[in-house]
């Protein structure tokens, strides 16, 4: 009997184990299939939203200009200001007899700046134009896709990449693809504040910011807890590739990476990241910058960048301060203050030394602008004033927040930001209160309030870039896109809701799940109901490109002037002249060169109070054959007094400004009339030195008369 009982008990135990294993297997398989289904659904939604954004901006561009029905010259004129300059190199590469010849002409360019041969690949970030031109040559698409469409469709396709990157970031943070859907919808609905790609196609930021968003998504993945080492290595490669693409496509990459390096430095000091993570992220930035430095033929502006100096300083000081994260609260705070001071001191020392050794002055106008912008003394510097007077470089307008609130983006963003920022401060204080021992590490894991490293990074990312956007409106495009992803994470993530539910004493799994899925669905339904009719109305609105005066000017230059003629004028117009007519320029909008900035200031004397002889001498020194005068600049009313181009020139020359208003006491009256006005009188000496050869309602073109040697001797050198 005993044996039989034992056998029966054994059989029961075996059956129980089998049933338990079957249950476990069923649950595991169910969870696996559910995960696969969620990933597939989320991926389809993310790609669909990205394609929707691409089609949306492409449709707006087509409808605004009637792009498919206007002439080629009108299409090219639509690439305003520096956009035209960048696109001209794509066009130049396509017209070259071969790829090798096209690259040679870019490396030995003598048409962008008269009397100078420059390396365009070194001076400008145009590898994207080179890559696209090569791709267009080798792909069998020439018969059914025009080069200009291949170019603009590629830029619009990058908006797909951008939306998908935001989708991934919010999905990773919240563990819900609904957050990704919400971030993508918010990005599209807030197009006015998230992108301007539909009317500034060739701007470097439209190429680079999608890669920056990919980099942020990769960093978010890299900082996720419990990520396996092999996965960390793969994600680090993604961080490197996206950082490299971002750096290669935008000349202002160093300033953006500096902000990001400061974020990593802050997280390191507050003990949110491991030493391995900090060093790895720093190295990805450095390697990307150095690779771009090599591709740009050892561009000294990269070696003299603040971000490189900062990273070198941070790693150097960190290596020798081994006991930085030990001791009590007061001791640790004191150590961190000393650590920060040492890093900043060494950063400015290295940067100053590097610029002196390299004789680097390419970015000095930016620091003059920053100095004047933040109130460290007024400036009459012409280059800095050009930036200060542009609306894009002013403070963020308050109506931005009205638009963001209208799409229900601002409210969840501010709630998420405020709650998590307070939580970050509490966790940071707790981290600084520990002494770095193993016991302290175990205490960290058992805390009631915690914040994940990936959440902490994205929180500081939105704070730092938000401050940058507040100070400079043009930088808002680095902030508003990430703002969509961060707000969507707040709506769909567990972190914020768990704190709210704890306060209400109803923090159960069922309640949490109900809120995390119902709230985003309600918001999406509301956004669809409110904004879908507006989107349909917007994309059905048809306009047409109309700029007959500029078209007439370009056609006249192309047909009536020599192919090697040199033109002087405003930077914005000259970029269009290079694109549409392929004539030689005296100056252009790419401002990151000290010699070019000085030349531009000299050429702009055509709008200052200068004598005819002085202006003629300056223009001859830069090799100009023609000058194009624009009434919109000569009689400018767009800017207020003190910010008109003629005012900036008067101030730089020490002359009293036009019109009623106060002038600084050291300014003196000019001894000559304004050149752009006086030349229209056709009185000597203007008629002696210049001949008007073209005129319409907007432009006046004058040809320079070459002085005989006898006259040159009389007028002096």
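Cβ coordinates are placed from backbone N, Cα and C, and glycine is handled just like the others.
Transmembrane segment is the annotation TrEMBL gives to one range among 122-138, 190-206, 207-223, 360-376, and that range is 207-223. Highest Cβ contact count with the transmembrane segment (329-350) among the listed stretches 235-267, 410-434, 479-502 falls to 410-434 (criterion: pairs under 8 Å). Here the transmembrane segment (287-317) has long-range neighbours at 107, 119, 121-123, 125, 127, 240, 243-244, 246-248, 251, 253-255, 257-258, 261-262, 265, 279, 339, 342-344, 346-348, 350-351, 354-355, 358, 360, 362-363, 592, meaning same-chain residues at least 6 beyond its ends whose C-beta is under 8 angstroms from one of its own.
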